[in-house]
Each structure stands twice: as structure tokens, then as C-alpha cells.
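Here the structure comes first, spelled out in C-alpha cells, and everything after it is commentary.
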């Protein structure tokens, strides 16, 4: 019996064996990502794909200043509203910035035909040449070119008129028929603007044009229209009962435009030879101009970012990330960040069998921790770590490139559709944005899932690599660890890590230690059986004595009557 108790004590007080564990890196990162199956997974490393910051300013784009219209609208600028004279010196720009409620537009009330289409055309123009298409003094010798002014277009307290148009009126009591043509020799598209006056009464018609019935005809190879003034009393706008309707056309190089009229023509004075540039545009913004330079401009402010997506604003000019409605697009590049809990011990489930990562391993993603008589320490597996880094880096770069290529192509297609259809329905725009957002989010979710699975697989592969080397020279003790059946010094540990472990060298020692441990287990089982019997008998005796004592006490105080019948 004494021998058996001695064996039990030996089993309970066995010394710590040499161990090696497979694990992964952990740190103090609080980055979280979403996957297809999980939300807010904490990871060691990740990259943000969504830009949500701007500077709140209007900036130059690649060193080129925008054309800031200030209090003028596109209409006021291009027609030549007298209050917009300061803009006439601007010959080129990176984009056009217009305020939401511009004061100076069409100073004389009337309808601007195809105004939205004109804005669309000007949005792709980065510079123009403003030139006299019909010089004021020499083009209209039989008509008055100075009396056509109005208080509605006053400038510095005096009646005036548009700086790019001429209001032709009677001269010396007559308004002769006119015919004027222009041949576009600019080798560029030329924007030509004109107007047709609609008086409020016949008296004004006779006074200004000396006839009751008049017409205006404008003809080119792509434009053919005849206008008849509509004389009618109208509500006053800017103290005017009359109206001027404004028209425009684009004249191709070599094409000719012909104006014929016998009254009511608001003639072109200046025209514009257009130079189109990729990346120009028109934005409506209250942001102020600043001395800054950027690659991307939105109505909210400038963005300086190389990220593929942004949620600042759907309207962008320049080299901009694609707009999506997402609030978070973060792609994982590292591992699940689950630092090991001290109460569980050092090792401890990224791959399903390891409970936590190691903050002590800082030079790699996957690696080892060993413990022997010479001490303990961490060592990263550089090969598997570097292969993983290369693979994930290439994948992230490829995905970003695919995202940019995909959405840029879609963006170009929509721009073409906008010109053909003139206006995209807002619901259609919203639908496309939803598709872009869904595609971006789904792609990130799928790739995050794949990356985390990839890390799991790498840890498992490292574990299987060690297991296949050690075979039965060590036993699996859980949490990614192995306990050696033999002494394993630092040289031995290094051989396991680099894949050169000599299994036969340690087989005999392992076999002997394994047999000893198995013997101890068998002896221990016998001892445990004896202890179990003793424990059962002792417990029964204690129970019987307790019951007897209680019965005696109850009989003595009359709570329990005992009768013996013979």
C-alpha cells in the first residue's frame, strides 16, 4: 500500500516537460472589419478604402484655378450680364464654381432655351477664346447699336445691356431687313448666342422696329429655326413687361451660320471658340476659395486621397474616388486580434484550436513559443509570414485596381447617357449609386472572409508541419502545443522550427519515457480505485452514525416514539 501511495505522489508532482507551441501575432489594435458572416471583427491590421474627409474649401486642381462665378450664374456669365464683367478676363479654368442662389443671371426677363443642355456642354470646357463674331461698329451700319439698353440690366446706376449681345433698334426711322453670316474658321466648336425680343404691346413694337410684323431666322447645317415675336401684355419682372428669349447653338469648324431678320433680333456680338478638357465640370457650392491645391473637388470641399471610394458627395471633379453611400469600407490585411487571456495560460481560437494570439511575438504573423531547461522564447516563422504578406498585399492592390477600373468605366458610360438623354432621372441615379455601394460592400465582405480564412489555413498548416515531424516523440496537449517525450534543447527546438527535426535521434528516449508515463498511469489507476473504496465506506459509516444520533435525540424528547413488539 505504501508503494502505491508513493507512485501516486510521483504522478502528481511530475516535473514540467519541454514544450513547443504554434501561435499567431496579436497587438493592441482596435480596428474592426465586417465579413459575410460576422460584424465588427477585431483585427491586427486593416486598410481603409473609404474617404470621408474634406477641407471645406474650393481649391485649385493640379495647380489650375477654378472659374468662381461669385454672384453670377452660368447664364449671366455667358450672356455677359454687366455685373459679371470681372469674369470676362478668365480664359481657362480647372472647373466652374457657381453658388446655389446666384443674383446675376438673365437681367432682362425671358426664357433661356435648352439651358440645362448648355450647362452640360460647358461642363466639359476648360478654356475658350472670346471673340467678336459680328463687330459692333462695322456689322450693322443701317441699325442702331447704342440705344438698345434697359434699366433691367443697369450697371453703376445707368441703363445697360449684355456685353456679348447687341440689341439692334431702328435707325433714322427705319429698320431695314438684315442678313449676316459667319463662317467658323477657328478649327474648334464655336458657341453662338442670340435672342428674340417679345414686346408687351404693339406701340413698343412700332417704336423700336418700325413695323408690326417681324421675324428672325437662324440657319446652319445643324440648326434651322424661324422665330415670330409674340406681342402680349405680361406681368412685370424686374419692372419689365416685355421678354427676351435666349437661344444658342454650337457651330462646327467650317460650318456657316446665317442670321436674317426684319426686327426683334438680339444679335450676337461676342462668341466663344471652345476647348474641351477631360476632368472639367460645374459644381454648385457655397464653399469659399482658398490657396490650396487638390486632385479632387466636391461641392463640400476638396479631397486629397488615393482611396478608391468616398462618401463626401456624389458630384466630383478631377481624379476622385468613386462615391458610395457606405459608412465603412475597411479591408483586413492582418489576422483576427484575440490576445491570449492570462488566466487561461500563455497559449490559448483563430484556427479553431488556439485560444488567443501572442502580443510578445512582434516580428511575424505566425510562429512558435518554446519552453525547456534553457528558458523560453518566441520566434516568428518568417517564410510563411512573408508569403502571406506578399499574397495579401498583391491581392489588396489588385482589388483596388479592379474597383477603380470597374467604377471608372461605369462612370464614363453614364456621362455619355447624360448627354444623349439630357437629364437622368434622380431615381435612376439613386439606383446606380445603390448598385455601386452594394458591389463595393459585397466585394470587401467577401475578401475579408477569404483573408481571415487564409490566415486560419496558414496557422493550421504550420501546426501540421510540426505534428508530422514529431510524430509520437511528443503528444498534443491542446491550445496548439506539443509536449516532448524527450529533452529538447534550443538546438532541438530550432530543428523543429526549420523543418530539420531528427525523429530517429530522439525515438528511443521518447519510447522509454512514454512507457514510464504509461506505467505510472496504470499504477495510479489502482491507487485511485482503493481510495475510491475507502472513501465510499467512510462516507457510509458517517451517514449511519448521523442517522443514529438524530433518532436517539428525537426519541429522548418525545418527538419520535419507538415501540418494540414481541
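Here the Cβ of each residue, glycine as well, is placed from N, Cα and C on the backbone.
In Swiss-Prot this protein carries:
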type     : residues : note
SIGNAL   : 1-17     : signal peptide
TOPO_DOM : 18-529   : topological domain 'Extracellular'
DISULFID : 59-292   : disulfide bond
DISULFID : 72-84    : disulfide bond
DISULFID : 107-153  : disulfide bond
DISULFID : 296-320  : disulfide bond
DISULFID : 488-492  : disulfide bond
TOPO_DOM : 551-566  : topological domain 'Cytoplasmic'
LIPID    : 555      : S-palmitoyl cysteine
LIPID    : 562      : S-palmitoyl cysteine
LIPID    : 565      : S-palmitoyl cysteine
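Sequence features annotated in Swiss-Prot and their locations in the structure.
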{"residue": "59", "record": "disulfide bond", "DSSP (3 states)": "strand"}
{"residue": "72", "record": "disulfide bond", "DSSP (3 states)": "strand"}
{"residue": "84", "record": "disulfide bond", "DSSP (3 states)": "helix"}
{"residue": "107", "record": "disulfide bond", "DSSP (3 states)": "coil"}
{"residue": "153", "record": "disulfide bond", "DSSP (3 states)": "strand"}
{"residue": "292", "record": "disulfide bond", "DSSP (3 states)": "strand"}
{"residue": "320", "record": "disulfide bond", "DSSP (3 states)": "coil"}
{"residue": "488", "record": "disulfide bond", "DSSP (3 states)": "coil"}
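Ranking the disulfide-bonded residues 59, 72, 107 by Cα distance from residue 320 (disulfide bond) puts 59 first. Annotation for residue 72 (disulfide bond): same-chain Cβ neighbours under 8 Å, separated by at least 6 residues, are 81, 83, 84, 87, 98, 102, 103, 104, 105. With the fewest other C-beta atoms within 10 Å around its C-beta, 292 stands out among the disulfide-bonded residues 153, 292.
Residue 153 (disulfide bond) sits 32 Å from residue 59 (disulfide bond), taking the Cα positions as reference. When the C-alpha distances from residue 492 (disulfide bond) to the disulfide-bonded residues 59, 107, 292, 296 are tabulated, the minimum falls on 296. Cα to Cα, residue 107 (disulfide bond) and residue 59 (disulfide bond) are separated by 30 Å. Over the topological domain 'Extracellular' (18-529), the average per-residue pLDDT in this prediction is 89. Cβ neighbours within 10 Å of residue 84 (disulfide bond), excluding its own Cβ and spanning all shown chains: 24. If you measure from the Cα atom of residue 488 (disulfide bond) to that of residue 292 (disulfide bond), you get 65 Å.
Taking the Cβ of residue 59 (disulfide bond) as reference, residues of its chain lying under 8 Å away and at least six apart in sequence are, in sequence order, 290, 292, 293, 294, 297, 302.
Here the Cβ of residue 320 (disulfide bond) has 23 other Cβ atoms within 10 Å, regardless of which shown protein chain they belong to. Shown are the disulfide-bonded residues 107, 296, 488, 492; of these, the residue with the fewest other Cβ atoms within 10 Å is 492.
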